[in-house]
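A short worksheet on the structure shown next.
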Amino acid sequence: MKNIFLTSESVTEGHPDKVCDQISDAILDAIIKEDKDARVACETCSTTGLVMVMGEITTTSYVDIRSIVRKTLAEIGYDNADYGIDARTCAIITSLEEQSKDIAQGVDESEEYKDNKSDEYDRYGAGDQGMVFGYATNETESGLPLPLELSHKLARRLATVRKEKILNYLRPDGKTQVTVEYENDAPKRIEAIVVSTQHDPDVDYEQLKEDIKREVILKIVDESMIDENTKFFINPTGKFVIGGPMGDAGLTGRKIIVDTYGGFCNHGGGAFSGKDPTKTDRSAAYFARYIAKNVVAAGLCDKCEVGFSYAIGVAKPISMFINTFGTNKIEEEKIIQAINENFDARPKAIIDKLDLQRPIYREVASYGHFGRNDLDLSWEKCDKAEALKKYL
């Protein structure tokens, strides 16, 4: 097999789109903590000195939206207007309504449950139509593709050296990107690393490049993967002072590839942040990852993509497919059988299995929803692997 070059990117928690994701999920967490059955579809947008929160929320709880916005901005590090927005002084606009009753009637009681109320897992219908995908690979311990894993780690390291004042001239906004050369379908070397980070205006460019390479890149990347041909692009425009919501308007749901698998598999188009778990865009995508990770952990294949489609108001998935990219150790039909016999992809079953009605979403709103070994996430567990091994 010829060598190929594959690339993934990530962004820091201070990227304007990620700021919006974190605000939306912080609001969701606050609501679901008080009212686990709340229906939340919370969107956020941001620009210079302004945050707007909008969407549809049905809940018995009360949360102070403005306080959550300011707290989230402050935790990220936006405490100075020069950075693009100041948590203490920014304007906040809210425009929130209840969930449409037309949608609610299909979610509260699915098509199947209306006909036969004997199965509790038929109760919830999917909150919308659409497709979701999950993916896992054995090329890293996290089950993520190496370019994405490294991009996330570099982005987190940027935030760490900023917050710990190792590089005290850094500002919150930043992006990372890694290109890996694959040989015979396995990572061989790193072709290129891109790091762009917001900074104070009086920083010497050459000093910044030296600092970022020493304190960020070489602290994360295995030097055995770097050779004399590896390219480093550090703030390649030469200047990144204007950033955050001042540099680019931010919007919830615009980093869906960063949130998932870095372009290594399909994506149904639905974002995660700000959505309660009755939305299959989120819950079923987490479940598809859970399945794929267990299938790979069981040794049924080296790579696995799992896809589901849903109809609004219907509990059972309309379709399910898998792709093992030619790495399957048994027939794919047998893997499908194993999935069907061990996993229930109806929304209520997913919510119960993964315990999704809890305030866990703010933590995954930056640096990826998957492969998070720093968190105890239910959809990252491989507790079905032993049961799946019997199909080998």
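The first residue you see is number 1, and the count goes up from there.
For all residues, glycine too, the Cβ spot is worked out from N, Cα and C.
It is 99-109, from the ranges 11-21, 99-109, 198-208, that Swiss-Prot records as region 'Flexible loop'. The annotation in Swiss-Prot ties Gln99, Asp248, Lys279 to L-methionine, and of the candidates under consideration, Glu56, Glu139, Glu141, Glu210, the one tied to the same site is Glu56.
Residues Glu56, Gln99, Asp248, Lys279 are recorded as binding L-methionine; their most distant pair of Cα atoms lies 30 Å apart.
Taking Glu56 (L-methionine binding site) as the reference point, the binding-site residues whose C-alpha atoms are within 10 Å of its C-alpha, out of His15, Asp17, Glu43, Gly174, Lys239, Asp248, are Glu43.
Considering only the binding-site residues Asp17, Glu43, Lys239, the residue whose Cα is spatially closest to the Cα of Lys279 (L-methionine binding site) is Glu43. Residue pair Lys275 (ATP binding site) / Asp17 (Mg(2+) binding site) shows a Cα separation of 16 Å. Among the binding-site residues listed here, namely His15, Glu43, Gly174, Lys239, Lys255, Glu43 has its C-alpha nearest to that of Gln99 (L-methionine binding site).
Separation of the C-alpha atoms of Asp248 (ATP binding site) and Glu43 (K(+) binding site): 17 Å, rounded to the nearest whole number. In the structure shown, across all protein chains, Asp17 is the one of the binding-site residues Asp17, Glu56, Asp248 with the greatest number of other Cβ atoms within 10 Å.
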